[in-house]
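Enquirer: Dropping the structure in here first, questions after.
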Amino acid sequence: MNGRDPEGRPSTPLHVPVLLETTLDLLAPALDREGPSTVVDATLGLGGHAEAVLRRFPRTTLIGVDRDPDALRRAGERLAPFGERFRPAHAVYDAIPEVLDREGVASVEGVLFDLGVSSMQLDQDDRGFSYSRDVPLDMRMDPGESRTAEAVVNEYPVKDLAQIFRVYGEEKLADRYARAVGTAREATPIRGSAELVGILERATPAALKSRGHVGKRVFQALRIEVNRELEVLERAVPAALDRTSTGGRVVVLSYHSLEDRIVKRALAARTVSTAPRGLPVETDETAPTFRMLTRGAPKAADGEVERNPRAASVRLRAAERIRGDPRTA
Ligand SMILES: C[S@@+](CC[C@H](N)C(=O)[O-])C[C@H]1O[C@@H](n2cnc3c(N)ncnc32)[C@H](O)[C@@H]1O
């Protein structure tokens, strides 16, 4: 089966987990050891990373979290051969503490976040993520939730739409696009992605028509708003770090600068000393509890990007707990 990226280009081969070997190598020191260990895959998706973790680390149990019930069902079929070593959890990833409490797990040796939408979600027209095919404006990662992109586009005040396009889409034409949407919806509600793209196209000055697909940033913004992606991530990374045991590792793959900034800040809060400048001694309270495992935010190698276009925008960050094990807190 071939996949498509949001612009409709084939993304073959499908479902290749991004930075797979690097991710496994980063987790290895925490999982390649005597005795059982637990990993949370906070973004299970189709279970590509999860399957590789379960294969490579035979003493590891993996708790696979996803807010999309369809992803959980498909990943569940794929991971069935691992029996009790795979534990599915339908949840938004800021609920990792509740998921672990339910599983009776105090702390874990690894957490993986592979952020964003899956190729399966992009491929399914009825999920409404595509701006290159005419699909209903939905974009909910969990179809059980109530707010759709159609509701955002038709019901939000124009000034809120402008703010969303500007902040979540980093869209320079945010005000202009929001006004155009506001005018268009006065006649009839905007229902489909092609209609929205048409409105954006007509509102784009000729000189700016060549800067990539007109829907790219606006659709990203709508997706983030519909799923409250950034505020959930702000809570989720600290929650995951809190439940990571000493020697345990947290690996995050982000795909745009807004996500990466949140991850960078959350990791920095634990990896630098909080002692006032010039204080000669570090105390247990001020010493960093994690150390960074990555320098900057490494990207995928050219070869991987050729094989897997989704890897083109990835930024990797990872950290290891060095003190303050949650089990002794
Ligand atoms: C990029 S895919 C993960 C792909 C996976 N690593 C693989 O190898 O198959 C991201 C998945 O995370 C899920 N997801 C995104 N945000 C989430 C959140 N806040 N809570 C739970 N799941 C989320 C999406 O539904 C999607 O299935």
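Glycine is no exception: its Cβ is also placed from the backbone N, Cα and C atoms.
The shown structure was predicted, so the numbers you read here are calculated from the model rather than taken from an experiment.
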Enquirer: May I ask you to find which of Y93, Y131 TrEMBL records for the S-adenosyl-L-methionine site already listed with G47, G48, H49, D66, D114, Q121?
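Expert: TrEMBL lists G47, G48, H49, D66, D114, Q121 binding S-adenosyl-L-methionine, and from Y93, Y131 it also lists Y93.
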Enquirer: Under DSSP, the compositional bias 'Basic and acidic residues' (317-329) has how many residues in helix, strand and coil?
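Expert: In the compositional bias 'Basic and acidic residues' (317-329), the DSSP-based counts are 3 helix, 5 strand, 5 coil.
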Enquirer: Cβ distance under 8 Å to Q121 (S-adenosyl-L-methionine binding site), same chain, sequence separation 6 or more: which residues?
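Expert: When sequence neighbours closer than 6 are ignored, Q121 (S-adenosyl-L-methionine binding site) has D68, A71, R127, F129, M141 within Cβ distance under 8 Å.
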